[in-house]
Amino acid sequence: MDALKVIFLLALLAPFSYATLVVDYCVADLNHPVGPAGYPCKNPASLTADDFVFSGLRDPSNITNTLNELFNIDSSFALDVTFPALNGLGLSMGRLDFGVGGAVPIHSHRVSELILVSEGTIVAGFIDTNGTPFYKTLHKGDIMIIPPTLLHFQVNVGKIPALVFVTLNSPNPGFEITTPSLGANDLPSELVKKVTLLDAIQVKKLKKIFGGTN
Ligand SMILES: *[C@@H]1O[C@H](CO)[C@@H](O)[C@H](O)[C@H]1NC(C)=O
């Protein structure tokens, strides 16, 4: 490996080593590209208490989009990009507002997730790499751990809206939501059929709903 490559790799690792070894915190400077360990730090002299507070989880986001409408769900997240003080600290947080019958569609991410039910009753579950499902009805105050990378879901099974808070052990967990991912792309439909066993009508339907082409 030549010296330039080494310097490049060290530069990418810099935010991580700062955060864990030589500084107390590394509030993200979002004007620079993110590396494997996060963003470079803002000048500490410019920080105030406000940099360490995020009020974006007070209320539902009320964002209207296809996913939220189809699944009757609203989500808000404190991630490095929305709450830059999380940069380098290995965690994030979100709130999920479920309408009656609402669901978080089956999805996965790079890291573990703790679910805390704040209002209502949900069924939460995951499927492990042996294909074994683990799912359970959770009531207010219950928590459940979802191990990293496994497919998982949540459904409001109560008669009232449900509110759930989640924490994940990365400031950027990398959400991949299975059904919309299959629909919102330009992969040829033939390929999607081949690799999913979905039929042509189903592939066309998913592409139409989620804005895919081909
Ligand atoms: C979403 O709507 C609720 C109810 O009207 C409101 O209390 C809340 O502030 C709204 N959320 C945002 C982020 O504006």
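Positions of Cβ are set from backbone N, Cα and C atoms, glycine also.
Going through HIS139, HIS152 against TrEMBL, the one listed in the Mn(2+) site together with HIS107, HIS109, GLU113 turns out to be HIS152. The Cα atom of CYS41 (disulfide bond) lies nearest to that of HIS109, taking the binding-site residues HIS107, HIS109, HIS152 as the candidates. Candidate disulfide-bonded residues: CYS26, CYS41. Fewest other C-beta atoms within 10 angstroms, CYS41. Taken residue by residue with DSSP, HIS152 (Mn(2+) binding site) is part of a strand. If you measure from the Cα atom of HIS152 (Mn(2+) binding site) to that of CYS26 (disulfide bond), you get 31 Å. Per-residue confidence over the domain 'Cupin type-1' (55-204) averages 97 (mean pLDDT, predicted model).
For the pair formed by HIS109 (Mn(2+) binding site) and CYS26 (disulfide bond), distance between Cα atoms is given as 24 Å, rounded to the nearest Å.
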